[in-house]
Ligand SMILES: C[S@@+](CC[C@H](N)C(=O)[O-])C[C@H]1O[C@@H](n2cnc3c(N)ncnc32)[C@H](O)[C@@H]1O
């Protein structure tokens with residue numbers, strides 16, 4: 001198995017170039033494309049000292065397994081591989097904000113969760129290794145650069161990880177559209193983890209039981225639940241809105 005991951009798309013590669021330029025191993029560019037966006041990208045990468053390989057578009061289709069690569073594909077080293085959760089907890093201190101995803105399968109949902117996690121200043125996204133989609137090129141493309149800025153840490157046992165966090169004084173809040181307490185009924189000032197469930201099945205029983213509290217986002221219409229990334233955005237924004245010195249806009 002290759003030690004490199006694939007990334008594709010302008011957003012994902014420009015972000016990687018900006019945040020982790022030395023992690024880019026080989027860059028492949030569609031030699032048949034002449035448009036302004038590609039020329040601008042080529043100027044950026046060559047200025048950064050990379051020497052892209054010009055190849056046929058069909059080769060990029062095969063490498064990426066999709067035609068949605070925008071003519072740019074790269075082999076990159078994984079980042080955040082050496083980071084562990086203890087370090088994240090120590091460095092974040094009282095502001096700690098973690099998003100735990102209990103078995104998300106859809107790469108678009110994980111990408112969207114990473115994107116909103118980045119926007120709301122989340123310190124890490126945590127997920128059970130064997131039950132979750134990996135950080136694929138599709139995830140990185142949907143995340144629009146956030147896969148490079150927010151550590152995605154996979155763990156062997158999510159329940160054990162949540163208990164370890166609780167032992168360090170971290171407040172663990174599960175989300176469930178059937179919960180009795182509304183979103184605003186939870187405290188958000190202390191270090192905390194929001195736990196969101198998988199697309200079809202929601203939180204697993206043991207995960208649910210490990211949470212200090214479960215809350216629901218009030219639903220006014222007729223659908224039963226929200227997409228997981230939308231729910232994550234609401235919970236995270238609510239946290240930032242109510243925390244002192246929050247970077248999200250002040251409620252007023
Ligand atoms: C598509 S929903 C899963 C729905 C699933 N049928 C269930 O039983 O939970 C995916 C996740 O988004 C979050 N979610 C969606 N709507 C929610 C709501 N109204 N209140 C709280 N969490 C919600 C929860 O974390 C849920 O597990």
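Positions of Cβ are set from backbone N, Cα and C atoms, glycine also.
Predicted automatically and left uncurated, TrEMBL annotations should be read as such.
Marked as domain 'RNA 2-O ribose methyltransferase substrate binding' by TrEMBL: 6-82.
Annotation comment: TrEMBL describes 197, 217, 226 as S-adenosyl-L-methionine binding site. For residue 217 (S-adenosyl-L-methionine binding site), the same-chain residues lying six or more positions away in sequence with a CB closer than 8 A to its CB are 175, 177, 182, 183, 226, 231, 234, 235. Classification of residue 217 (S-adenosyl-L-methionine binding site) by DSSP places it in coil, neither helical nor stranded.
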An 8 Å radius from the center of the 197, 217, 226 Cβ atoms defines the neighbourhood of the S-adenosyl-L-methionine site; name the other residues of that chain inside it, in order. 175, 176, 177, 196, 216, 225, 227, 228, 230, 231, 234
When secondary structure is assigned with DSSP, how many helix, strand and coil residues does the domain 'RNA 2-O ribose methyltransferase substrate binding' (6-82) contain? 33 helix, 18 strand, 26 coil
Residues near residue 197 (S-adenosyl-L-methionine binding site) by Cβ (under 8 Å) yet at least 6 apart in sequence within the same chain, in sequence order, are 102, 103, 174, 175, 176, 203, 204, 207, 228
Largest inter-residue Cα distance among 197, 217, 226 [record-listed S-adenosyl-L-methionine binders, Å]: 13
Note down the number of other Cβ atoms within 10 Å of the Cβ of residue 226 (S-adenosyl-L-methionine binding site), including every protein chain shown. 16
